[in-house]
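Q: A single structure is presented below for examination.
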Amino acid sequence: MGRASRRGWMKVYEIYGVQEAGVVAGLIWQAIALSVPSGLLYFYFSYCTRTLASVVRFVPVQLWAFIIGFFMGAMALMSICFMVTAVNFIYTNVVLRHRIARRMIGMVEDWSKVESVLDVGCGRGLLLNTVALRLKKEGCGGRVVGVDLWLSSKKSGKSMAATLYTSKLEQTQEYVTCKSGDARNLPFTDKYFDAVVSALCLNNLGEEYGRSTPRAVTERLKGLQEIIRVLKPGGQAVIWDLYHGQEYEKKLRELGMENVTLSESIPTFMLPSHISMLLPLEVAVLKISRCCQTATNRRLGQVESYHKLL
């Protein structure tokens with residue numbers, strides 16, 4: 001899609017970096033720390049075997065060879081696992097995020113009629129600026145607003161200033177606005193936006209209570225309700241979520257929303273809090289089209305009633 005599709009991954013990395021850079025650095029450091037002794041044991045295998053056999057004579061040299069070989073192989077395997085995990089972090093944070101962002105933008109129909117877009121949980125602004133680039137391409141004068149809970153430090157990679165700086169680098173600053181706000185209480189009036197997008201935000205709501213607990217479900221439903229509330233009649237929402245795409249689809253259909261579609265499962269290794277990430281996770285892109293105003297008001301009332309029952 002225009003410039004967004006032509007820019008290379010190195011350019012994307014230069015602008016946005018890796019969200020969990022500390023985790024990636026730790027993984028690479030552990031890989032190096034394990035590979036060095038493994039390599040030394042490989043090059044000095046015979047010497048170490050003979051030396052240990054001469055010092056501890058009651059242990060046969062064949063057993064020492066097995067022990068040294070076992071530890072050498074184990075360290076090499078762990079080093080490879082750490083390095084592969086680090087590469088997967090970089091791939092997911094740079095390449096996959098950008099591909100999903102472009103795919104989400106492609107799911108919105110007729111950008112020429114879109115004048116206002118909301119990005120819920122915009123973070124460093126990759127999806128935010130991808131939307132802005134599309135608005136710039138259309139030349140319709142639309143604007144995209146990014147909402148997030150920002151850190152106060154201007155030097156932080158998660159500050160509003162840092163996100164606005166990425167829009168300057170992307171040359172989309174005239175199309176981008178940022179506001180501080182919680183996804184569960186968006187600072188906008190009802191029926192305000194033509195389109196709403198959100199990437200890896202709703203799945204974090206209520207995570208402190210445990211992802212499968214009723215309290216966490218309630219918090220995610222608040223965020224979903226807010227997206228529906230600020231969406232204009234006839235507007236569209238596209239949500240990318242790691243775990244709960246089917247949950248959102250089920251709840252929206254229960255509430256009577258129409259034109260709810262769920263994409264196929266997209267394999268990814270997005271588990272930034274730890275490294276038990278070698279199994280593919282279900283990532284869903286959920287597309288919602290809001291229907292006529294009267295029906296929508298009734299469904300919002302149903303959402304509120306459902307929320308009160310939780």
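A Cβ is built for glycine as well, from the same backbone N, Cα and C atoms used for every other residue.
All annotation found in TrEMBL is predicted automatically rather than curated by experts.
Not my notes, these are from TrEMBL:
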{"type": "TRANSMEM", "residues": "21-43", "note": "transmembrane segment"}
{"type": "TRANSMEM", "residues": "63-96", "note": "transmembrane segment"}
{"type": "DOMAIN", "residues": "118-239", "note": "domain 'Methyltransferase type 11'"}
Q: Which residue counts does DSSP give the domain 'Methyltransferase type 11' (118-239) for helix, strand and coil?
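A: Split into helix, strand and coil, the domain 'Methyltransferase type 11' (118-239) gives 49 helix, 32 strand, 41 coil.
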Q: Using a Cβ cut-off of under 8 Å, list the residues of the same chain at least 6 residues beyond the transmembrane segment (21-43) that approach it.
A: 68, 71-73, 75-76, 78-80, 82-83, 85-86, 89-90, 157, 272, 275
